Each structure stands twice: as structure tokens, then as C-alpha cells.
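Below is one structure, written out as C-alpha cells; the observations come after it.
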């Protein structure tokens with residue numbers, strides 16, 4: 001009889017950008033007291049957001065909800081230039097929790113625009129990161145593509161002055177297909193200096209592919225509005241096995257595991273390890289008692305906090321190396 005085993009993906013859970021964003025809100029609360037206003041959910045995870053709300057964070061979408069002189073934090077997903085300008089005009093104390101890898105894309109957009117390139121954004125319409133990146137330029141200046149099919153519909157000013165950037169949390173495989181379609185239609189399109197999909201997204205997708213090869217079912221811990229968590233579930237499902245995404249252990253269904261000997265568990269980049277442990281406890285209680293860690297890429301990158309929120313010893317260069 002096959003042993004009932006749970007295999008944990010590595011890496012999984014929090015990435016450096018999420019760690020930094022949560023720390024910025026927590027440090028701001030410690031330094032300046034509640035309330036601290038946060039534009040949009042600082043990361044897309046219900047547990048994290050609820051926990052910060054209990055500590056005094058107030059999550060808003062419209063800066064009109066923020067009183068004069070208040071402290072405001074931008075979410076990890078980044079904001080448009082219009083939001084930055086409005087915050088400056090209103091005189092808020094601002095801390096920017098935008099992931100540095102998203103900021104890198106913003107800088108790439110500015111550089112390309114200065115060179116008079118028309119820019120195509122590969123991403124999901126309505127996602128806050130996409131809105132922030134496209135908002136680095138005036139409305140209508142960037143073109144959005146979500147699928148390979150969208151590439152054929154593009155109308156560009158000059159195919160020889162064209163470039164693309166990507167949302168950082170996309171499926172690596174799907175994005176490759178879109179990039180291939182762009183290069184086929186526009187042979188002179190400029191590629192980013194460095195891949196836009198972040199290291200954490202890539203590493204977690206690679207790990208879940210390996211997990212899917214070993215397991216009968218994969219559980220992804222993540223909130224429904226988390227782009228990278230959704231992509232993990234899709235990647236696992238594309239391997240032909242059952243794959244489910246759950247916000248926490250309460251969403252697990254015992255019937256999913258009937259007849260399944262090997263269960264894979266991973267977590268999106270915004271999902272804390274405490275939720276993974278609760279999921280493990282529930283599945284173990286249903287008979288999958290053996291747990292082992294999978295092998296995968298080691299991650300050592302740490303992004304430093306804004307200087308106003310740093311503590312002694314947090315300015316060393318080795319704290320932000322890969």
C-alpha cells in the first residue's frame with residue numbers, strides 16, 4: 001500500500017517584496033501610531049490584511065478618505081504618477097512599499113518613453129499592479145495585452161519604435177507564448193533589459209511544476225485576489241492533476257483527498273507560513289501523516305526598508321543582495 005505523504009514545495013510563501021511591504025506598515029504603526037492609511041491592500045492576502053487592520057492600519061482606495069497630515073503607505077503593487085502627485089499635494093507623510101522589482105519596471109517604462117518608444121504591457125486588466133505601471137504614463141499611451149490573441153489586434157504607431165514590459169506575477173509559460181507572438185509580429189520590438197517576471201514568481205512556479213510531477217493533488221494556499229497564487233494553481237492544474245487554492249484550512253474539503261496518496265502543498269508569495277501549517281495539520285488529521293520538504297531554489301534576497309523606518313544594522317549592503 002502506498003504511503004500517504006504530504007510534500008511541501010520549496011520555495012513557497014512570502015517573498016522579499018511582501019516581507020518588506022508588511023514590515024513598512026508595521027514599523028509605521030510602531031513609529032507614528034494608529035491609524036496608518038494604506039492605499040489598497042498592502043499585499044493580496046486576507047489573513048495579512050485583517051491582522052494589520054487589527055493593529056491599526058486603514059485600507060483605502062481613494063486618497064480623499066485620508067485626513068490631512070496623515071501617514072500613507074503605498075501597497076506592494078505600486079501606484080500611478082497621478083496618485084503620487086495627489087498625495088504630495090495633500091501633504092501626507094508617505095512611505096512607499098512598492099516592491100523594488102515593480103519599481104524596476106516603472107523605471108524601464110520611463111526610460112523607454114524618454115526614447116519615444118510605444119510600450120506594450122503584458123498583464124491582467126484591472127490588476128492594481130497593471131494600473132500602477134500603465135499609470136506611469138498619460139492615459140492611452142500604453143497598450144495592454146492579456147493573451148496571445150490580443151497581439152494580432154494591436155494597432156501600433158511605429159513597429160520599429162516598440163517595446164514591452166510585463167506584470168511581475170504572471171505565468172512564466174503563458175508569458176513566453178505572448179512574447180513569442182510579439183516578436184513574430186514585430187521583429188524589431190525591444191525586450192526588457194532583464195526579465196520582468198520576478199524571481200519569486202518564477203521560483204514558485206518551477207517548484208509547483210516539480211510538485212505536480214510527484215503528487216496526485218496540489219493545494220495552493222492563497223487568497224482569491226492574489227495573482228501569483230492563482231497562477232500557481234493554474235500551473236499545477238496544467239499538469240493534469242487536481243489543484244485547489246484555499247485561503248485557509250477551513251476551505252479544505254476532505255473528499256478532495258480520497259484516493260490520493262501524495263499531496264503537494266505550496267503557498268503564494270503573499271501567504272504566511274502559519275496558514276500553511278494549519279493546512280498541514282488538517283490534511284494530516286485526515287490520514288496523510290508523513291510530511292517532507294521538497295527541494296528547490298534557495299532565496300536569500302532581502303529588500304531594505306525606507307531609511308526613516310530602518311533600525312540599527314539594517315543599512316548593510318548584504319541585506320539587499322540576491
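For all residues, glycine too, the Cβ spot is worked out from N, Cα and C.
Owing to the predicted nature of the structure, the values given are computational and were not obtained by experimental measurement.
Summary of the site annotation: Swiss-Prot records isopentenyl diphosphate binding at 44, 127, 226, 227, 228, 270. Screening the candidates 77, 106 against this entry identifies 77 as the one listed for that site. Of the residues 117, 198, Swiss-Prot puts just one in the [4Fe-4S] cluster site with 15, 99: 198. The recorded positions listed here (44, 127, 129, 198, 228, 270) include 129, 198, 228 as those with a Cα within 10 A of the Cα of residue 168 ((2E)-4-hydroxy-3-methylbut-2-enyl diphosphate binding site). Around the Cβ of residue 129 (active site, proton donor), a 10 Å sphere holds 26 further Cβ atoms from the protein chains shown.
Listed in chain order, the extra residues whose Cβ falls within 8 Å of the Cβ center of the (2E)-4-hydroxy-3-methylbut-2-enyl diphosphate site residues 44, 77, 127, 168, 226, 227, 228, 270 are 43, 129, 169, 225, 229, 268, 269. For the recorded [4Fe-4S] cluster site, residues 15, 99, 198 set the reference point as the centre of their Cβ atoms, and the other residues of that chain within 8 Å of it by Cβ are 16, 17, 18, 76, 100, 101, 102, 168, 169, 199, 200, 201, 269.
Highest local Cβ density among the binding-site residues 77, 127 belongs to 77, counted as other Cβ atoms within 10 Å over all protein chains shown.
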